[in-house]
Ligand SMILES: N[C@H](CCC[C@H](N)C(=O)O)C(=O)O
């Protein structure tokens, strides 16, 4: 049985989205890798997303995420905006709630192909990231490069349902730097579940330039949970006010770490690229 899918992206961070109500989807890591592979018979994407029927009252769906390396991911901000938009279309609704392994998320329309998602509260304790040892997550004892002249050091760690480490840098970093440094940190022993690595350049109290090396996907054009983590990290360090624009080369997200309830609110665009059929051989 061949399955239909939707190819979508959020600021170029791209997804193969499969609605499973009429086509069960229990993929192996190899199947995910085959779907995500760019070229050689793959569809090509950073993450694969399954939209399952709801498992609890009040939710429109249960949503699962996998990285291109085949491993399960706990959250995906850009993907969450795309899912929220999809779930609001048929019913002509302007708000929706759905569940993920990281908890209940809610979305609402914020203009044409623009969605606001409540990503819930960040995890700030070392056990929530998680780290392999107790540390102050606002100033983590970690550096990359020569001891006497580290390339990056003393990051902030934040969980958005997935682990993030955010390094503040004095200037926007190149793709080569983010790749070389991010790939070193992704599987550092301090992060027993791996980590997404952000390089944040604070331009002003409401503007951050960000590049993210994603766990299980590598350098992506944008990272929604990475933008949330960078803004939470910047507020913790006193570098930005509660709402900031987080800018990638492909565009920007508006992130608010809401004072009233501690929730992180992300607003940004979604793109529906095309619909297609998964090749039979890819997913048995
Ligand atoms: N690579 C991430 C999942 C996708 C995050 C990103 N695509 C986003 O928009 O948040 C992880 O392993 O936790």
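Glycine is treated like the rest: Cβ placed from N, Cα and C.
Other Cβ atoms within 10 Å of the Cβ of residue 76 (active site, proton donor), summed over all protein chains shown, number 32. Residue 76 (active site, proton donor) falls outside any helix or strand according to DSSP and counts as coil. According to TrEMBL, the feature active site, proton donor maps to 76.
Among the features that TrEMBL reports, active site is placed at 76.
As annotated by TrEMBL, active site, proton acceptor applies to 223. Neighbours of residue 223 (active site, proton acceptor), defined as other CB atoms within 10 A of its CB across all chains, total 34. In three-state terms derived from DSSP, residue 223 (active site, proton acceptor) belongs to neither a helical nor a strand segment and is classed as coil.
Annotation source TrEMBL lists substrate binding site at 13, 47, 67, 77, 78, 162, 196, 214, 215, 224, 225. The local packing around residue 196 (substrate binding site), expressed as other Cβ atoms within 10 Å of its Cβ over all shown chains, amounts to 29.
Cβ environment of residue 13 (substrate binding site): 46, 47, 78, 79, 220, 221, 222, 223, 224 lie under 8 Å away, each six or more residues apart in the same chain. Look at the binding-site residues 67, 78, 225 and count other Cβ atoms within 10 Å of each Cβ; 67 has the fewest. Non-local contacts of residue 215 (substrate binding site) by the CB criterion (under 8 A, 6+ apart in sequence, same chain) comprise 67, 73, 162, 163, 186, 194, 195, 196, 197.
Put simply, residue 225 (substrate binding site) is 6 Å from residue 76 (active site, proton donor) when counted between their Cα atoms.
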